[in-house]
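A.B. asks: Annotation comment: TrEMBL describes 30-49, 61-86, 107-133, 153-173, 185-204, 216-232, 252-270, 303-329, 349-368, 380-399, 411-430, 436-457 as transmembrane segment.
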Amino acid sequence: MEETSLRKRREDEKSIQSIEHKTTNLQKELGLFSGICIIVGTIIGSGIFISPKSVLSNMEAVGPCLIVWAACGILATLGALCFAELGTMITKSGGEYPYLMEAFGPIPAYLFSWTSLFVIKPSSFAIICLSFSEYVSAPFYSGCNPPQVVIKLLAAAAILLITTVNALSVRLGSYVQNVFTATKMVIVVVIIISGIVLLAQGNTRNFENSFEGTKLSLGAIGLAFYNGLWAYDGWNQLNYITEELRNPFRNLPLAIIIGIPLVTGCYILMNVSYFTVMTATELLQSQAVAVTFGDRVLYPASWVVPLFVAFSTLGAANGTCFTAGRLVYVAGREGHMLKVLSYVSVKRLTPAPAIIFYGIIAIIYIIPGDINSLVNYFSFAAWLFYGLTIFGLVVMRFTRKELKRPIKVPIFIPILVTLLSVFLVLAPIISQPAWEYLYCVLFMLSGLIFYFLFVYYKFGWAQKISSKYQLRDCFAVSKVRQARHPV
């Protein structure tokens with residue numbers, strides 16, 4: 001009896017140790033297919049359905065518009081290859097955050113986490129959900145624009161739903177991502193095949209003299225790239241969940257190599273399809289490009305377009321939430337945010353506090369949210385840190401030679417992407433100055449105040465909050481022990 005009791009006690013202690021370990025570590029549950037789905041599903045969202053108008057309005061001609069879409073795909077691919085080297089060299093979740101930490105130290109890493117937490121990620125989440133609500137509400141307000149209150153309430157409901165799903169389960173969030181990715185590819189394929197059929201029937205008149213009226217100013221090109229690259233945003237999302245990816249040395253680069261060229265081809269073909277049925281003027285006047293395309297080509301089954309666009313945007317929002325929550329989690333784990341944000345749910349094994357906090361910030365962005373201003377605000381901040389991160393890759397080639405690099409891209413690629421990032425950040429400011437850029441820079445720099453007050457000097461109130469939750473976790477574990485070993 002004593003031996004049996006001793007054996008049972010040891011098994012119970014091992015079980016408790018297992019629980020304690022899982023509460024502080026994310027699990028490797030994502031394979032290659034899920035990785036591809038996260039890349040494709042996060043990139044193909046609202047962008048390809050709202051950005052064609054913005055890209056065309058800046059270039060004012062069909063030919064340069066298509067060139068910009070192809071160039072954005074090439075730039076996203078080159079950037080992703082640089083991130084593949086970073087992701088296999090520094091196998092930590094959090095995307096740019098651990099890379100900036102290794103290359104430049106804690107201050108740039110903190111400013112990135114600060115800007116991402118309060119600007120880049122929530123504004124992206126808000127844009128996608130606002131696009132979702134516009135497409136969902138449009139059929140109920142035929143002939144007029146839906147009320148802003150309805151759009152914003154639907155967007156807030158979408159954020160709450162997606163946040164709840166990702167806080168409940170990693171597998172549930174991954175499953176939802178896979179389903180929506182498969183669903184959105186249906187409408188992408190329908191639009192592409194319809195365009196190819198129309199081209200085969202001789203509908204090429206809108207491609208004649210396609211370079212007339214082209215704008216070549218630096219500001220116009222920069223803004224066109226902002227909107228095109230917004231549609232490609234998500235090319236780096238897999239780096240945020242490296243710790244949850246099985247065999248990252250193999251699956252991370254493979255998912256990038258397969259996923260991003262697939263998206264680039266789809267985007268170019270979709271834009272070609274749009275221009276087979278709409279002139280440049282008609283596309284600029286369209287309230288919803290994909291819906292106009294469906295009305296002209298798929299009638300009477302045109303109702304499927306807004307339905308599948310809604311699925312597409314939900315999938316992109318889910319992928320954004322899934323990965324952005326990990327950034328907040330890693331920043332909390334490193335002590336750059338409240339410690340409570342680094343906690344992983346005991347039962348769910350998800351960074352639930354980080355995901356919930358991220359959802360709350362995104363809802364706040366919806367209140368004054370305007371899609372076009374949010375896109376410019378997002379793109380300026382995002383490419384500032386993309387360029388800095390990839391420049392860090394160049395720096396670490398000389399300062400961190402001892403790090404193993406399972407993937408090593410030619411040095412000219414990160415240098416080229418860094419220079420293009422500098423152009424994207426400066427061109428719109430020099431050509432078309434706007435207060436939004438100044439506000440964004442000031443907000444980024446304000447992070448230094450919080451860094452020195454609450455991270456560097458570690459004011460007591462933040463530590464008390466963290467200690468409170470740590471004691472609560474310890475109490476929960478002790479209750480498990482008491483339940484298994486009653487006195």
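Note that Cβ sites are derived from N, Cα and C of the backbone, with glycine treated the same way.
What TrEMBL says about a protein is an automatic prediction, not a curated fact.
Note that the structure is a prediction, hence the values are computed from the model and not measured.
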A.B. asks: Near the transmembrane segment (107-133), which residues from the same chain, at least 6 beyond its ends, have a CB less than 8 A from one of its CBs?
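C.D. replies: Cβ under 8 Å, 6 or more out: 45-46, 49-50, 96-98, 100-101, 150-156, 158-159, 162, 230, 233, 310, 313-314, 316-317, 320-321, 324, 327-328, 330-331, 334, 336-337, 358-359, 361-366, 369, 371, 374-375, 377-378, 381-382, 385, 388-389, 440, 443-445, 447-448, 450-451, 455.
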A.B. asks: Report the listed stretch (61-86, 153-173, 252-270, 380-399) having the maximum count of Cβ pairs within less than 8 Å of the transmembrane segment (185-204).
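C.D. replies: Counting Cβ pairs under 8 Å, the winner is 252-270.
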A.B. asks: Applying the under-8 angstroms CB criterion, which one of 153-173, 216-232, 252-270 scores highest with the transmembrane segment (61-86)?
C.D. replies: 252-270
